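Features of the protein shown, as given by TrEMBL:
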- 45-56: compositional bias 'Pro residues' (COMPBIAS)
- 605-622: compositional bias 'Acidic residues' (COMPBIAS)
- 120-167: domain 'F-box' (DOMAIN)
- 1-62: region 'Disordered' (REGION)
- 594-622: region 'Disordered' (REGION)
- 317-342: repeat 'WD' (REPEAT)
- 343-383: repeat 'WD' (REPEAT)
- 384-423: repeat 'WD' (REPEAT)
- 424-463: repeat 'WD' (REPEAT)
- 464-503: repeat 'WD' (REPEAT)
- 504-543: repeat 'WD' (REPEAT)
């Protein structure tokens with residue numbers, strides 16, 4: 001007879017497999033029982049472990065008809081219609097009698113044969129609303145990626161954008177804007193926030209295809225992929241595609257990334273300022289030079305004009321305002337590389353600069369004054385007098401500007417009125433850093449403390465103590481404050497409880513640069529290391545780049561980090577990219593694997609194309 005895989009005979013025994021099993025006798029008083037406690041006695045040797053029996057998958061295989069006799073088939077031909085004529089109770093009794101004749105091996109076969117046929121797809125039995133409710137409790141993207149490949153039905157459910165929106169919220173993946181999250185340029189140089197190999201990437205390990213030279217004397221290396229025309233990134237049109245993009249970027253920050261540019265200056269220079277904008281990377285040095293790079297780290301031009309070191313600068317679009325030891329404030333067009341205006345009035349070094357709008361700049365100087373400039377007309381609108389020593393730092397929010405001085409006080413000024421509204425007194429030594437979000441002011445001082453102030457009343461809300469040396473780095477974001485000190489530590493504070501959340505032993509020497517966003521802290525120190533920390537847990541995620549002699553400045557966006565460091569008496573700039581490959585963003589979903597109900601060719605090309613547009617593949621598992 002021919003083979004018949006669909007026969008009901010799958011539950012009957014093969015003739016050659018029939019065995020007569022004898023029940024194992026129970027222990028009786030005449031058969032002594034060895035207690036397992038005997039092995040626990042000190043004098044008893046330890047008995048070796050007994051290995052588990054090897055699995056025998058042969059008993060779970062479907063029966064074959066290759067050895068069936070003709071009589072067996074004839075019997076089944078008569079038994080099948082007989083069984084079909086029985087009612088429910090009669091069928092149960094018939095099956096019970098058959099099963100009573102089976103030994104344990106055959107019952108195991110029946111169990112494995114029947115169990116898959118009793119399983120049901122819950123997502124086909126439940127309404128879609130309940131299915132989506134169940135899916136909403138899954139916060140592991142790998143699980144969702146695997147589940148989407150079970151069947152077309154599962155894939156359709158997991159294509160619901162509300163599921164991915166909730167997952168974005170759980171992972172704090174904010175919706176991307178066209179500028180990739182770049183914040184306003186009025187952030188301090190060490191607070192700028194525009195927004196992968198397991199080991200840190202060293203310059204020697206990175207390979208570059210091109211070496212560029214310029215009149216500025218830079219030795220430049222750019223990775224080949226950045227010399228070609230940029231591939232356009234697929235537009236983020238759904239929370240699903242947005243989650244995929246953000247997940248890949250976060251994974252790259254933890255374990256990947258690549259160095260896309262490296263520049264070496266011909267001389268030693270201290271980097272005084274670093275700014276990232278959507279279009280430019282701008283650095284200023286104490287040798288009077290300002291270097292302008294494009295967003296990928298290719299040197300565009302060097303701005304020359306200052307006579308001595310540049311100690312402050314701030315970009316706004318294509319405009320750059322800078323100041324330094326020559327006491328001048330210069331306005332530059334970065335696109336053309338031209339100096340548009342020279343603003344004179346300060347009588348000592350310009351130490352800090354900020355812009356309140358596209359035409360208004362505010363400078364603070366060692367001459368103890370602040371000046372408000374109209375950079376379009378090139379005139380000084382107001383001179384803010386009141387500090388008794390050098391103005392070291394300032395921050396702007398709306399019409400208010402807050403300045404910190406070496407006279408140990410901070411002052412709140414009105415930009416429109418040009419007057420001092422209140423003085424914040426309490427520190428015992430010079431103020432080196434300041435942060436201001438409109439509702440709270442944070443000041444860091446040489447007296448090792450951080451003070452929180454109310455800008456509207458001038459009251460001191462809290463004194464945060466813990467650092468043992470100068471607090472020179474501050475950044476405030478929402479209810480979180482992160483501080484860095486000359487003691488090498490980084491501290492995360494809650495501004496709701498005014499308490500320290502994390503104490504990070506970050507560096508062996510001073511923290512020279514500090515920035516954080518919703519998920520990570522990046523710190524640089526004079527010990528030559530750049531470290532990435534998890535903001536929520538305070539754990540070290542990784543080190544970026546190889547150790548240097550000293551790190552001058554670090555700034556990062558969501559998909560890029562720039563490091564300015566000193567190596568072998570040379571100043572080096574390294575640009576790291578954490579962007580996902582362009583090809584991966586266009587192929588988010590692989591086609592679902594074939595299942596028993598849906599063969600591999602069941603999906604047409606249109607459906608496959610739709611998956612590739614905005615899905616999320618198992619690449620997330622790697």
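The backbone N, Cα and C atoms fix where each Cβ goes, and this holds for glycine too.
For the repeat 'WD' (464-503), the residues of the chain that approach it from at least six positions outside its boundaries are 190-191, 193, 432-437, 440, 442-446, 448-452, 509-518, 521, 523, 525, 527, 533, 535, 537-538, judged by C-beta separation under 8 angstroms. Taking H, G and I as helix, E and B as strand and the rest as coil, DSSP gives the repeat 'WD' (464-503) the counts 0 helix, 25 strand, 15 coil. In the repeat 'WD' (384-423), the DSSP tally of helix, strand and coil residues is 0 helix, 24 strand, 16 coil.
Mean model confidence of the repeat 'WD' (317-342) amounts to 94 (pLDDT, 0 to 100 scale).
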